[in-house]
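Sequence annotations record features per position, and here TrEMBL assigns transmembrane segment to A:26-48, A:60-83, A:95-114, A:121-138, A:144-167, A:195-213, A:233-253. Annotation comment: TrEMBL describes A:28-256 as domain 'ABC transmembrane type-2'.
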Amino acid sequence: MKKKFLLFLRTLNARAYVRIFGQMREATWVVASVLGGFFTMATYIYLYRTLGTGSEFSGLVVLGGFMTPFFLNVLWGVATQLYWEKEMGNLELMLVSPAPLSAFLVGLSVGGAMHTMLRSLAVLFFGIAVFKVQFTVLHLPSALLVFLVTLFSMYGLGIVFSSLFLYHGRDAWRTADLVMEPTNVLSGSYFPARFLGLGLLGIAALIPTTLGLDALRQLLVPSFTVKVLDWRWELLILIGLGLVFAFIASWALRSVEYKARRDARLTLRWQ
Amino acid sequence: MHTAIQVENLTRVFNRRGTAPFYALRGVSFDVSYGEIFGLLGPNGAGKTTTIKIMSTLLLPTSGRVTVAGFDVEKDYTHVRPLISLISGGETSGYGILTVEEQLWMFSQFYGMETPVARARIEEYLKVVSMWDSRRQQMNRLSTGMRQKVNLVRGLVTDPKVLFLDEPTLGVDVEASVIIRSIVRDWVREKPERSVILTTHYMAEADELCSRVAIINHGLILANAAPAQLKQDLDSRAHYEITVDRLDGKQLDLITAFMEEGNDFVLGVDKVTNSPMLVAHLMHESDIARLITALAGQGATLEYMRKLEPTLEDAFLKMVGRRFEDEEEVSPIS
């Protein structure tokens, strides 16, 4: 048991290392992603200012700009990763090793979250510095807890998707491409999610960013009143979602690996 | 327990929508002992890679049974994986942004190795392949040969019991190929509980490295023996190439007499000296001394002679019906 646990930790650490230190070597990509996030955020802030909305809208946009890189990392850096690993020829080596697939994915998630954190903090810093947005930290531990639980839930969802990608390959890739923008809208990255209306909110609540962002806005922007639910309820829902995603992910990875070995999907590229 | 791998009646069928089922393997059986380098030879689509994928737990068999170190690859795959390593030719695995050292360390962690142990082995093997000085180079800046040496080190660092080498010298220059072959040979000799399964397109490589080879085609094992045995089984006659200074009436009469005893001759001209040349296929090895003496007795002077040994390629050609270069089929597993 101890041996298995150590194997899991070592695999997690090694895979996270690639994400954290390896990607730092691609400086142009880091700069481009920070600037991209910043300009998207700037567009919405200028739009709200043009419309004459209250200053709290700038705050909620900056928080959206802070969380969006995490969502993109989950979609393109975790959910699609096994597909990429297969195309690069790494998946075979990962599977031939004694390490469980879940260890690779948790490593990817931890490394991805840490790497993305730097980009997100840069976006947050530029948002505050350039647009003079002010946040009031009413309760820092609660805000940190909400943030961490949101990440746990988001990356859990990413791991669930990764098993689907492994089995369905390019079909799933196109689907992810298709759902990216609608999901961005549903998660209310740059506007209060409550404006979606009750029907859409039911679906949107399954995306952890939606409730996570809403809770963070309540905790960091006191003048933000158009909340979906009280942040405490949102935190509980996020914990529940995270646990459900973790359970599904664990089952799906085992099941998909078996099916992929049966149907030769681990070795066929460009399927 | 002397058997590293046991393959019993292995069959693998690929079902594709809209096409007839493809039988990649049809009841294949063989075993591999510890301390052995076992070769799997066959054209593309013959079933070599499918067999390796099943043995290395990447693919399930349709029927039949495979055990590695006594563990069933289908049911006990979690016990098999810590004991094996897979290295494929033309492999582009890993991450280009990592250095050689980082890449090897990363893969060692997937086997749960302690970092100091892993680092010591990485240093040892990088020195063996003369790449210690390149340890801080990024992977995406290495040549094909260097990358393949790193792949080999990656496979050896975890000290597997069974090493699967799928075309390990594919696309690699002569110097790197020689180094890789030498390391593989020494690695197996070093510990008796190690074994290697090799697939290769290079017959000379299989001949040089393998203690036994199985020739596979259309999912069937056509032969399974030591390379020397396969070559011997090919033709029991003795073959010689002889160049003499003259070959006219008297000598040709002599050759006709030899032919009446069941020997075969092909007449030609030496391309370098323009002297008459004979390729003799003799029923008995001892006939060569008699032939040379008789030719000399008829006034011909021997200029050059060499024995022609059958190659593994000849054995392959006889069994499969075509050379590797003539391949047309494409495997469903790539």
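From the backbone N, Cα and C atoms, a Cβ is placed for every residue, glycine too.
Heads up, TrEMBL stuff is auto-annotated, nobody curated it.
If one looks beyond the transmembrane segment (A:60-83) by at least 6 residues along the same chain, the residues whose Cβ comes under 8 Å of a Cβ in the stretch are 19, 33, 37-38, 40-41, 44-45, 48, 91, 101, 105, 108-109, 112-113, 115-116, 119-121, 123-124, 127-128, 131, 133, 150-151, 154-155, 157-159, 161-166, 169-170, 172-173, 176, 180, 183-184, 187-192, 209, 212-213, 216-217, 220-221, 224. For the transmembrane segment (A:95-114), same-chain residues at least 6 beyond its ends with a Cβ under 8 Å from one of its own Cβ atoms are 7-8, 10-20, 70, 73-74, 77-78, 81-82, 85, 151, 155, 158-159, 162, 249-250, 253, 257, 266. Contact counts against the transmembrane segment (A:233-253), taken as Cβ pairs under 8 Å, peak for A:144-167 among the stretches A:26-48, A:121-138, A:144-167, A:195-213.
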